[in-house]
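Student: If you scroll down you'll find the structure; I have some questions about it.
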Amino acid sequence: MENLASLLKSHKLSQADYEHIVQILGREPNLVELGVFSAMWSEHCSYKSSKKYLRGFPTEAAWVIQGPGENAGVIDIGEGYAAVFKMESHNHPSFIEPYQGAATGVGGIMRDVFTMGARPVASLNAIRFGDIRRQDEIGKKHRYLLKGVVAGIGGYGNCMGVPTVGGEMSFEDCYNGNILVNAFTLGIAKSDEIFYGRAEGIGNPVIYVGSKTGRDGLGGAVMSSDSFDDAANQLRPTVQVGDPFAEKLLLEACLELFKTNYIVGIQDMGAAGLTSSSFEMAGRSGSGMIMHLDRVPMREQGMTPYELMLSESQERMLICAKKGYEEKVLEIFRKWELDAEVIGEVTSSGKMELFWHGEKCAEIPVLPVSEEAPMLDRPTKEPAYLAEIRSKGAQAPKEIDLKEAFMKLWSAPETMDKSWVYSQYDSMVQTNTIVGPGGGDGSLVRVKENGAALAMSADCNPRYCYLNPREGAKLAVAESGRNVAVRGARPLAITDCLNFGSPENPEVMWQFAEACEGIKEACKVLLTPVVSGNVSLYNQTNGVDIFPTPSIATVGLLPKAQKALLGAFKKEGNLLLLVGETKSEFGGSLYQKEVEGFLGGDAPVIDLHRELALWRFLEEANEAGFLESAKDVNVGGLAIALGKMSVLGQKGCKVKTALKGVDLFSESPSRAVLEVSSEHLAALESLAQKGGVALGVIGSVGGENLEIDSLSLPLQTLQEIYLRGFAKIVENL
């Protein structure tokens with residue numbers, strides 16, 4: 001190969017990597033082989049910088065059917081059914097081309113779920129942008145990016161007939177050069193009918209199904225394993241182009257196939273396309289494979305083996321069928337007007353042998369590529385910025401104008417209702433949505449098959465994680481689980497999407513290592529194992545890294561859907577109770593951001609055992625019928641939580657606390673507001689005492705104002721800002 005140095009640079013391979021490849025092959029690689037190694041050894045596919053930290057996560061429990069290592073995680077939800085779910089990032093593509101980047105992110109995560117045999121029933125997203133309130137070019141750009149991402153998520157999800165039932169948004173300057181788009185999908189399957197990405201049985205046919213292969217997405221996995229600079233727009237050809245109608249056909253064809261006994265395994269073609277799907281299937285099974293690339297359905301002329309192996313064209317799957325059933329498999333996909341071709345077979349060689357019009361164009365041992373990518377032990381160093389920002393302190397002044405402070409927080413984009421966003425999503429399709437977007441806290445979806453409901457929520461406060469990555473990650477796990485618990489459900493498991501800056505920066509690797517320790521500790525205590533996930537590194541532009549953003553999505557089970565607990569006031573005269581203890585904790589808070597205009601101090605400190613006690617208390621109280629509504633206290637503190645419950649329930653409240661002024665906006669964790677009928681108060685207090693949970697009456701529901709201590713605001717005024725304010729910011733009105 002000519003000009004080896006430039007070739008290695010374009011493939012993001014080092015000289016040491018190249019020498020390792022030569023050692024594996026026993027010769028110099030050709031271009032196809034180099035491309036395969038480049039993709040599979042990329043950060044995006046191999047997790048070479050992060051795997052050592054991920055190994056510490058708790059992944060097992062009695063209810064876990066499948067943990068990390070497959071296309072998605074699987075948990076038992078009773079009566080012979082399972083929930084299949086995962087969250088993944090599509091950050092780099094969405095910054096380059098927001099509509100297609102976000103759309104194909106949704107399509108990719110849905111394929112990960114239905115390739116396991118599950119019908120997708122709900123989606124969430126966690127999306128983060130720069131400051132959309134700015135009146136400069138940065139603000140203008142991020143309003144454009146926001147519009148494109150939201151349109152892409154809605155455009156794909158709506159066509160698939162899968163409801164988008166919730167999500168999370170945040171806005172920080174650290175995302176000015178790198179937005180984050182994290183997509184989550186959950187599906188339902190029979191627990192004894194889960195399909196895996198395997199290719200076993202010598203002589204079994206390998207079948208390509210779905211859309212034709214084009215040149216879109218070429219080099220996508222490698223692109224997602226590097227930082228950006230001002231030339232990022234030139235990477236637009238590496239962004240995949242989605243066709244949701246083709247994916248809808250693929251979904252239905254796959255679900256029809258799963259009712260047969262024709263196949264051994266199936267794998268989505270995601271990052272690195274045909275390369276990753278074939279090597280992963282063979283690698284898991286300890287087998288080899290022969291593939292004839294000239295048989296791959298192509299939509300462009302003159303495509304080469306290199307392009308066919310590395311294209312990331314969407315809506316494609318690779319199937320290992322049972323020998324003799326080839327025609328039956330092909331018949332199903334052709335009925336759904338999809339391409340389907342036998343392109344190879346399983347072998348016992350342990351090698352991937354690729355042919356092009358009868359001539360061998362590549363021969364690579366499977367395991368060194370799929371399972372044995374060189375792992376990196378990158379240096380870590382505590383960031384220099386920590387000493388400075390922690391020294392700023394986070395103690396807010398006690399003498400404040402409560403009304404002025406409340407209105408600043410109430411008018412923040414993080415607080416306001418996002419109907420401008422979720423009105424573009426179909427949240428009710430499939431008619432199973434009990435609590436959708438706009439309902440506050442966790443979303444809730446009915447499982448008609450067993451009468452239960454599944455609660456889900458995606459959460460992370462990147463400001464906490466910047467101040468203290470370990471505590472911030474713990475708080476993300478706890479917040480996500482608490483949003484599920486206030487629906488009356490028991491949190492069972494999590495999927496994560498770990499978004500960080502460049503791993504080549506020792507300070508970023510320190511943040512990553514600390515966050516992983518926090519997740520590990522929280523999941524162990526809270527009994528929510530990690531069953532799937534994703535790592536997105538190199539979220540850096542022109543040397544500026546994003547805040548550590550370990551997005552956590554928790555799934556919980558409510559055995560009886562009719563016991564669903566909502567987050568809006570229900571009845572005038574009901575009592576309001578605060579569960580948990582409030583301290584003066586403002587590091588990384590919305591109050592600190594909006595009122596004081598800085599970021600400093602330390603993140604709130606969480607007692608994980610107290611958090612678990614809160615979850616179990618909420619579950620028991622709801623099961624006993626003691627609760628009318630419940631709301632997590634988090635961003636903006638108690639005052640904002642009460643404001644949201646008032647607006648959502650269209651009822652005011654009268655609250656008196658023992659808190660001093662600004663502590664109404666404290667973000668101490670492990671707290672919730674409960675609405676209860678007075679007849680249940682004594683029993684609830686007894687239950688709280690038994691569970692070791694702090695509980696106190698703070699007021700009642702009623703009136704047309706939000707009244708909290710000396711603060712009194714008309715509900716009508718709050719509704720106007722809450723319901724219409726976000727749209728005004730996005731449209732720059």
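Any Cβ shown, glycine's included, is placed from N, Cα and C.
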Student: Tyr47, Lys86, Gly533 bind ATP according to Swiss-Prot; which of Asp131, Asp136, Asp496 goes with them?
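Tutor: Record source Swiss-Prot; matching candidate: Asp496.
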Student: Let me know which member of Gln15, Gln23, Gln240 Swiss-Prot also records as binding substrate at the site of Ser89, His90, Asn91, His92, Arg111, Glu312, Ser313, Gln314, Ser536.
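Tutor: Within the candidate list, Swiss-Prot flags Gln240.
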Student: On the three-state reduction of DSSP, what should I expect for His90 (active site, proton acceptor)?
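Tutor: Note: His90 (active site, proton acceptor) is coil by DSSP, not helix or strand.
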Student: Could you name the residues, excluding Tyr47, Lys86, Asp496, Gly533, of the same chain that surround the ATP site, i.e. Cβ within 8 Å of the Cβ centre of those residues, in sequence order?
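Tutor: Neighbours found: Leu54, Pro68, Met87, Glu88, Thr495, Cys497, Leu498, Val530, Ser532, Asn534, Val535.
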Student: Say you check the Cα of His44 (active site) against those of the binding-site residues Lys86, Asn91, Asp268; which is nearest?
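Tutor: Nearest listed residue in space: Asn91.
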Student: If one measures from the C-alpha of Asp112 (Mg(2+) 2 binding site) to the C-alpha of Glu88 (Mg(2+) 1 binding site), what distance in angstrom results, rounded to a whole number?
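Tutor: Computed Cα spacing between Asp112 (Mg(2+) 2 binding site) and Glu88 (Mg(2+) 1 binding site) is 10 Å.
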Student: Please identify, among the recorded positions Glu88, His90, Asp496, Gly533, the one with the smallest Cα-Cα distance to Gln314 (substrate binding site).
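Tutor: Closest by Cα: His90.
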Student: Helix, strand or coil at Glu312 (substrate binding site), per DSSP?
Tutor: coil
Student: Looking only at C-alpha atoms, tell me how far Arg111 (substrate binding site) is from Gly533 (ATP binding site), rounded to the nearest Å.
Tutor: 15
